[in-house]
Amino acid sequence: MSVFSESALEKKLAELSNSQQSVQTLSLWLIHHRKHSKTIVKVWYNELKKAQVSRKLTFLYLANDVIQNSKKKGPEFTQDFAPLIIDAFKHVSSEGEDGCKKQLDRVLSIWQERAVYENDLLDKLSEVLHGEKKPKKRPYEAIKVNDEDFASQSSPAEPPQTADLIRALQELENAASSDSALRQRISALPPEVQDTSLLHRVTDKESGERLSRLVEEACMLLADYSGRLAAEIDDRRQLTRLLALFLQSQRDGLAQNEQKLEEYKRKLARVTQVRKELRSRLSSLPDLNLLPKIGILIMFKNDREKTHLLKDNAANMYTISLGSMPTGETGQDNKHCHDSNHALENREREKQLARRRLYIVSVVCLVFMVGEILGGYFAGSLAVMTDAAHLLVDVTSFIISLCSLWLSSRPATHTLSYGWHRAEILGALLSVFTIWLVTGVLVYLAVERLINDNYEIEGTVMLITSGCAVLANIIMALTLHQSGHGHSHGGLSAHSHGHSHERKKAHSHTNTNHHDPEASKKPQGNASVRAAFVHVIGDLLQSISVLVSALIIFFRPEYKIADPICTFLFSLFVLGTTFTIMRDILVVLMEGTPAGVAYGEVRGRLLSITGVKAVHNLHIWALTMNQVVLSAHVAIDDGTDPQAMLSEITQFCFSTYSFHSVTIQLEKQADQKPECHLCQEPKH
């Protein structure tokens, strides 16, 4: 314990509260320093007079605790408190709060029953409280276990804590009744010390003096043991009171909880009844969706919002009352996680447009393929026939593209959680392979013609047929071209035509300098349409090469070698046109960052958001060429609201880049580890 000093005691008395633990703690500290009892009593009395009215009774509780619990240690406090206790009672009873005398009377009653002081002093204390009337003192044995006397440890109104009961039980572990060694000493005393009939055995002065010393020792031993037993009895009675108070407090708490349970059962019954009535009324209400031309009038009154729905030319008015929402919880703030993502509706619109274009070019291609087969047969031109074969491959690739679009529209499954979107990429890859295959066959046939030189060509028929083929490919190329209005930029642009302004109104971000992403990103359309477009461009070049050959052969028939030579030149050009789309397909299959998205720009703009401290494990990849997905780990400030920050980041990603899907994992900056390779920024 801390060292005793008057200043330390004054500080502890100033911090004393009416709780049981506070009184007990200070009481133990004072008893430990009982050699300073005179100083302690003097400081206690001075502080009692200076204390607030509500705390004066607590000082007497403290004195009561010290006086009763120090008796086993010595009589210092009992003696030193005696001269001042009467003045203290007078002071507290005269200046204390209402009901203070009742509490003092309880303390006095216990002192009378336990004979803490002499009767004269106790009578004077009784006169202070009751005037000339002297209360009848009960014998010590009359104390009942279930009485309401004040327990010395704390305020009588406060039940004991579990820790107090444990402490009281621990104090009885070394009680006098369990001191077997002392009882053996008492039983070992000679019979002469307790039986006067044996005194005749004392025959000389020496034996009498020896017996006298034994009697004195026995008296001291028995007096000490009797005192310890009396103190143990007192402790056990006090423990019994504590247990009774504790049991009563538990019973009171149980009764209160039972009352609360009954109350909430009644509330549940009322709410259940209201729910039944509400369901019955809902079934009888009209369907507002069937009411035409509904006007909406919003009125506010007493923090309640009433929406009156007025049906034109009707006598009835239906009223719906809605509870007002707190600030920040308005309806427009309750957004679904995919509400801000227009990529899905753009994607469906794009697929419909792609299917319509592919249907058109498939019909056109099929008609002109039949025409080229007939024209090549009558003209005897290999270039025209191979071009017709190329158109056959085109029809096949268009059918593959349509199938891939149909597969990509199928819903996701447990096995294919992203759905069949990659079927479009695989269809485009197969279409590119067919281009390479047909080009290889054309080159092979051209080489064979150069070697053998045993063929004849009808220039006029070849010229008419090749001209029609060029016209057909131009029509198909214009149909599949994706640079006009109405197409979607998908994941590689900030907005889609038709709703870009609306999106800007729905999101505002004051800490980021927005620019127009459409000015810096290349549009990428549907992968199947792109593959078909490149295919048609290859066909157009092939048809042009055939037309050039037809012109040369028409004017100079002896230059029929122009047919295979043009096939060689334009075959190389066709192969070159497939390089870009093949590169994009490989980037998608390798989960690479699409060409239209700048990794560093996305990371930098995420870091520019207020509250974002670090961004790592950032991944940007594409399901298809225009469905870009983002995931990242974002470290934020400790004081930032995680939910608000998550909403701001996702809204920023959707509104700025129109990603198909965004997944953000929020972390604390302290969670990052320098040695973790996943926390490092990838190399360029």
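Along the chain as shown, residues are numbered 1 onward.
Cβ coordinates come from backbone N, Cα and C, glycine included.
These come from TrEMBL:
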| type | residues | note |
| --- | --- | --- |
| COILED | 247-281 | coiled coil |
| COMPBIAS | 486-495 | compositional bias 'Low complexity' |
| DOMAIN | 1-133 | domain 'CID' |
| REGION | 486-524 | region 'Disordered' |
| TRANSMEM | 358-382 | transmembrane segment |
| TRANSMEM | 388-407 | transmembrane segment |
| TRANSMEM | 428-447 | transmembrane segment |
| TRANSMEM | 459-480 | transmembrane segment |
| TRANSMEM | 531-555 | transmembrane segment |
| TRANSMEM | 561-582 | transmembrane segment |
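Counting only same-chain residues 6+ beyond the ends of the transmembrane segment (358-382), those with a CB under 8 A from a CB of the stretch are 388, 391-392, 394-395, 398-399, 401-402, 405, 445-446, 449, 455-462, 464-465, 468-469, 472, 475-476, 479-480, 528-529, 532, 536, 546, 549-550, 563-564, 567.
Mean predicted confidence for the domain 'CID' (1-133): the pLDDT average there is 84. Residue counts for the domain 'CID' (1-133) under DSSP, split into helix (H, G, I), strand (E, B) and coil, are 103 helix, 0 strand, 30 coil.
Touching of the transmembrane segment (388-407) and the transmembrane segment (531-555) is concluded from the presence of at least three CB pairs under 8 A, sequence neighbours closer than 6 excluded. Same-chain neighbours of the transmembrane segment (561-582): 381-383, 386, 428-429, 432, 435-436, 439, 442-443, 445-447, 449-450, 453, 457, 530-531, 534, 537-538, 541-542, 544-546, 548-549, 552-553, counting only residues six or more beyond its ends whose CB sits under 8 Å from a CB of the stretch.
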